[in-house]
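Presented below is the structure to which this report refers.
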Amino acid sequence: MKTEKINSTITLNQKDAKRTGFFYLAFVITCIFAGVVRSNLIVYGDAVKTAELLSSSASLFRISSVVDLVSAVLFLMAAWSLYILLKPVQKNIALLFLLLNAAGVAVQCLSLLFLFAPAIIDSSADFQRAFLPDQLNTLKLLFLNLHKSGFTIAQIFFGTWLFPLGYLTYRSGFMPKWLGILLMADCVGCLIWFFQFFLLPGLEIITYPGLAIGFIAEFSLSLWLIWAGLNKQKQPAANTQA
């Protein structure tokens, strides 16, 4: 049976590395912005407070929702660029992480639809006539909770894509092994987040170490790729073996 082996004669393409790093850094920045805005405007469990915050900052919330969509596109572009960068190492595994990322982005984008529901409710005379104010507030929070659940579902794809990505990073020979280890640890953190949300609600504390590792891993990946892309020194050849 024919098996695909790790390519041990490749070097880092600096142009690809720089492009990938900028895509990934842009994704990280836009994702953080959207997440921070959302966390300050949504109070899960308090429909009235959430409605007040959304009403007073409607434009900011719409901007953050659009930025979230842009972030999803940037994430997919970063994954595509990583595929180009790492497919010489082992194409099938690189294709695997690209497909897993694309599936996660698709689920994320579908869940983002729910973020636009509060604005639709506020602008619809039919909703205003059919429901009482407290019912409208509860309906808005329901859609926001559906978004949260949908985004968490996406984490099972965003978690699993990190393992093959980390593996190829570790085996590539032109990227730091510690970075590959961090990415594989990030995979575990994302999966803990997913299972905690659906199976162990109320134990958010167990996700905090994984979130910290994820921030360090993905921010480090973007910065290292930018540095490697701008560094004019010749990259050493890989010495890994299948």
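Heads up, residue numbers simply count up from 1 along the chain you see.
Just so it is clear, glycine is given a Cβ too, placed from its N, Cα and C backbone atoms.
Annotation source TrEMBL lists transmembrane segment at 21-43 (among others).
Marked as transmembrane segment by TrEMBL: 63-86 (among others). Non-local neighbours of the transmembrane segment (63-86) in the same chain are 12-13, 16-17, 19-20, 23-24, 26-27, 30-31, 33-34, 37-38, 41, 94-95, 97-98, 101-102, 105, 108-109, 112, 115-116, 161, 165, 168-169, 172; each lies 6+ residues outside the stretch with a CB under 8 Å from one of its CB atoms.
Taken from TrEMBL, the feature transmembrane segment covers 93-121 (among others).
Annotated transmembrane segment per TrEMBL: 141-166 (among others), in sequence order. Through the fold, the transmembrane segment (141-166) approaches residues 42, 44, 47, 50-51, 79, 82, 86, 93-94, 96-98, 100-101, 103-105, 107-108, 110-115, 117-118, 179-191, 193-194, 197-198, 217 of its own chain, all at least 6 residues removed from its boundaries and within a Cβ separation under 8 Å.
Residues 149, 152-153, 155-156, 158-163, 165-172, 206-207, 209-211, 213-214, 216-218, 220-221, 224 of the same chain lie 6 or more positions beyond the ends of the transmembrane segment (178-199) yet place their CB under 8 Å from a CB of it. As annotated by TrEMBL, transmembrane segment applies to 178-199 (among others).
The transmembrane segment feature in TrEMBL is assigned to 205-227 (among others).
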